[in-house]
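What follows is a short report on a single structure.
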Amino acid sequence: MLDVWKYVVKMKAPSPVSYVSAILLIVFTAGVYKQLTLTQKTANNCEMTFMFEYPHFVEINVPMNRGKYNLYAYTEGQTMEKIKSMKFYGTPVIFIPGHSGSYRQVRSIASVNIRKMYHIQSNIKFDFFTVDLNEEYSAVFGGVLLQQTAFVSQCIDTIIKTYEHDYKPTSIILIGHSMGGIIAKGLFIDPLFDTNLVELIITLATPHRPLFLADHYMDSYYDQVEKIWGNGLDKPRSSFLSNISLLSIGGGHRDLMVWPCLTYTPHADVNALSLAIPGVWTSTDHQCILWCKSLVKSIVRVLFDSAESDSDDTIYEWRKKVSTYHFDKRSNGKWFHSNLHPVTVKLNEPNVIEWNETYKLQRSISLEKGTAMPIVIHLPLVEKSLNYEMTAEAVNIDYHDWVFSCKPDYRSKKHCLFGTNWSSNSTISVSKFMKRRHITLKLPDVHKLGHSNLVFKIKNTKKPTALNIDMYEASDRTNEITWRFWYGVFSRYLLWNVNVFETIQYKTILHGWPDSICMHCVYNVHMVPIKCSKKNHHAVSKFIVPWTQGILHGITSDSYVEPLRISLENIPLSNATNDPYLQFILDPKCNYRIELELSIMDTIGTIGLKYGLTFPSYIGIIILLVLSNQFSQLANSTKDDCSIYHNSLPSIIRVFKTLAITICFLTVMQNQWPNINKPIGGIDWLGHPLKAMIFSSLLYCITNSFMYFATVALWMMMLFWGKAINELLVRFIMKTLRKNATLSDWILYGFGKLPIAVSMIAILISYNTCGTVGLIISAFFYYFLLCTMVQDCIDQLIYYPIIFFKEYFMKGEKPGLNLSLTSIHLHFSLFLLWLLICGCHLPCSIEWARNYHHSKSLDPDPSLITSLILNTCAGIMWQMDIPKRNLKFYAQLSNLCIAASIILFLFCQTALFRIAPILTLVFVVITLHQCFSSWIGVQDSTDNQVSGANDKTPQKKVE
């Protein structure tokens with residue numbers, strides 16, 4: 001077998017760069033594996049929502065229904081009979097499932113809403129409807145998006161007509177999960193759709209930017225949605241959408257299907273991540289976001305609070321206040337109302353213990369057993385505090401209003417009769433024990449009001465209570481670091497060394513991170529307690545990005561440590577000027593070391609998942625460069641020689657030179673026409689030359705190493721398992737046609753001798769089912785042909801000693817062994833090209849199989865034209881002996897492959913649907929060149945050198 005490998009494969013030893021690429025591939029794979037298993041290795045802190053009564057889904061007939069979609073009304077318990085009789089009285093809420101989503105996923109939100117309605121005895125009522133979209137794969141096949149949108153639009157009309165006249169709703173609420181959120185936004189594409197019907201859209205884990213563009217239908221749909229909703233920069237939201245509230249909620253780093261950078265949209269009124277929502281503070285995966293109890297409760301509170309307003313605000317402004325309170329800046333209670341924090345509050349209440357504080361800048365008040373009477377603390381401000389800030393932490397203080405500023409009464413000169421309420425500026429904070437609220441005030445804002453005192457209130461309680469106050473000069477507690485991505489690589493980078501007690505607030509501004517090379521690098525921030533004067537301690541770290549989705553938290557306490565995980569998910573808008581920063585609220589009884597550490601494996605895994613979507617384009621680039629070298633070898637040789645795939649790989653120096661030149665064109669193109677390559681997934685570096693060079697080189701090396709090992713595996717299968725593959729195909733034909741093995745073997749033999757029959761069968765199957773199915777059938781047959789060709793060469797080697805003995809000893813002639821492997825090598829490269837085209841169209845076959853019981857053919861089918869063209873070309877090429885000897889224009893074919901690889905790099909890294917047409921065109925040109933060889937003519941033997949040819953490795957005959 002080793003001799004077979006030596007004589008048939010003839011593979012050169014790998015270069016040192018190949019070993020480096022292999023190491024990169026291994027590290028890359030390990031990082032991606034760690035990210036993919038993140039949800040299994042880390043605890044899910046979400047509590048499951050439970051059903052109190054059995055759910056029922058009542059089907060509602062929708063006119064013009066295509067049959068595969070349905071509409072249901074959700075009900076449980078006491079409302080079941082009323083819903084079955086089609087009597088609705090509340091505001092309709094329509095749930096739209098996403099990619100492979102079920103209409104039953106509405107249960108958690110609908111059930112909690114019904115329980116809440118009974119619990120608070122509210123007059124506000126909601127009717128929940130859910131759309132069955134046949135669990136279609138809408139995230140990978142855009143051909144269903146317009147169909148789903150049209151059906152949801154029909155559902156809205158049907159729901160409105162279902163209500164009796166006295167209860168007919170004036171508006172509805174849409175809740176979309178995953179791609180369901182895009183469908184909700186896409187309703188407004190239709191100019192006939194009544195935009196006044198929708199008042200609120202809540203999207204859950206929705207990719208507002210496409211994860212990847214698998215077909216032009218998806219590309220067109222996102223373009224139409226962006227056209228009316230805007231992009232936050234040069235395209236504003238359309239005026240007819242100005243009164244629609246859009247809330248976008250993402251799951252955070254545990255959601256490996258829709259990353260945080262995709263759930264952010266600049267035209268949303270509120271963008272939030274579940275791990276930043278007050279009271280939730282945990283990351284959710286793609287399905288968990290629908291049943292996470294704390295998150296579902298927050299959504300239900302938004303629905304109830306936004307349904308009724310007692311303020312003078314417009315409905316749109318009121319909904320924005322409500323959603324901002326619940327999803328971003330919740331200051332205390334679970335419910336929001338207009339008078340939650342009165343602007344002016346009376347301070348001189350009776351039966352109050354008053355503490356008149358001195359001018360001490362730091363105070364910590366701890367009441368282990370609570371207090372029998374309310375306490376009011378007056379903190380005078382000195383004149384030098386104009387450049388100061390004040391941070392306070394309230395522990396177990398149940399007052400809605402607890403921090404004020406005032407000017408002492410001119411008679412008492414100490415106490416204030418009334419104060420300005422600053423409690424709305426406070427936010428509840430994540431905590432492992434006892435409730436905590438934090439507030440930071442700039443004292444110049446207090447002085448502008450003419451106030452000279454800060455006042456704090458502590459409610460009478462039996463619970464342990466504490467109040468920590470820290471007044472400081474802002475510059476003393478703020479440091480600014482110019483961001484470098486290598487911080488924390490080899491050892492933890494020190495941010496703060498806090499060696500004094502009583503101080504609680506520190507801040508680190510991360511300047512220049514959005515412009516750094518590795519924006520998506522993942523870091524952990526550690527707060528390490530060095531010395532504590534008490535056993536129980538608690539500190540919180542916060543990561544604030546001004547232009548994105550809320551505040552992320554980390555915790556360090558005596559019983560629990562959770563480092564703050566930070567990563568910059570989104571690039572700032574053009575008008576964003578503030579840098580992201582870290583804020584630390586420390587325990588005043590402890591000293592801390594605050595350190596930054598780069599999480600290398602998390603970074604590699606994150607980059608792999610986000611940038612890995614470009615792999616198909618790099619695979620295409622590598623195959624085209626190999627074909628270019630093989631055609632160049634044919635142009636430079638008087639024989640029909642071209643080397644094996646592995647020996648035809650271009651040199652790494654040549655690749656980097658080509659990349660450098662191409663990236664210059666890419667940068668100019670992105671700056672002039674930014675919409676040509678849209679930022680999909682996490683790929684947003686195509687317009688930055690340095691980033692593009694680094695990541696493109698890295699991705700090329702990793703993809704090249706992957707292809708090296710994959711092609712070696714394919715060759716080993718052809719060499720050692722060729723007969724096994726033949727037997728599998730025979731058995732497949734036996735089961736399909738229900739014939740015996742002999743007849744199946746003859747059928748397979750006939751296909752091998754007349755492969756055009758397979759091509760014709762594939763064309764018929766493509767036309768009547770799905771184009772990708774025809775491509776896959778031809779791909780299996782193509783591999784069978786390659787195995788047959790390799791087995792023929794092996795048979796020649798095995799039987800050569802017998803032939804040699806017969807010819808030499810009986811006839812006196814020494815026979816030669818001429819193994820021409822050029823045809824195998826060229827066909828192998830074309831086979832790889834075919835496999836890549838199949839992979840690009842694979843979502844079509846998945847969707848076709850998913851909907852097979854509804855329709856035998858896929859409509860629309862983006863892969864049909866490609867399949868018809870390629871199978872026609874294959875039927876011609878399989879009948880010929882290629883490559884033809886000494887044909888003209890092999891050098892031009894080589895240049896064509898290089899040009900196609902550059903086009904793939906420029907236009908296909910973010911638009912995967914462009915790959916297949918380009919590769920199909922290359923396949924067609926190669927077929928035409930070989931097919932019309934008699935017209936093309938033979939090149940002169942003297943003119944067999946082509947400028948620019950490289951990697952010439954002519955094959956030797958085995959004697």
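Using N, Cα and C of the backbone, Cβ positions are placed for all residues, glycine too.
Automatic prediction, not curation, is the source of TrEMBL annotations.
Since we're looking at a predicted model, the values are computed, not measured.
Record features (TrEMBL):
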TRANSMEM  16-33  transmembrane segment
DOMAIN    89-305  domain 'GPI inositol-deacylase PGAP1-like alpha/beta'
TRANSMEM  611-631  transmembrane segment
TRANSMEM  690-709  transmembrane segment
TRANSMEM  746-767  transmembrane segment
TRANSMEM  773-794  transmembrane segment
TRANSMEM  815-837  transmembrane segment
TRANSMEM  893-912  transmembrane segment
TRANSMEM  918-938  transmembrane segment
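Under the criterion of 3 or more C-beta pairs below 8 Å, with sequence separation of 6 or more, the transmembrane segment (690-709) and the transmembrane segment (773-794) do not qualify as touching, having fewer than 3 such pairs. Taking every listed stretch (16-33, 773-794, 893-912) in turn, the largest tally of C-beta pairs under 8 A with the transmembrane segment (611-631) is reached by 893-912. Sequence-distant neighbours of the transmembrane segment (893-912) (same chain, 6+ residues past either end, Cβ-Cβ under 8 Å): 212-214, 219, 613-614, 616-617, 620-621, 624-625, 627-629, 631-632, 635, 658-659, 662, 665-666, 669, 676-681, 683, 686, 696, 840, 918-919, 921-922, 925-926, 929, 946, 949. Per-residue pLDDT, averaged across the domain 'GPI inositol-deacylase PGAP1-like alpha/beta' (89-305), gives 90. Distant neighbours of the transmembrane segment (16-33): 600-609, 612, 652, 698, 701-702, 704-706, 708-709; these residues of the same chain sit at least 6 beyond its ends, with a Cβ under 8 Å from one of its Cβ atoms.
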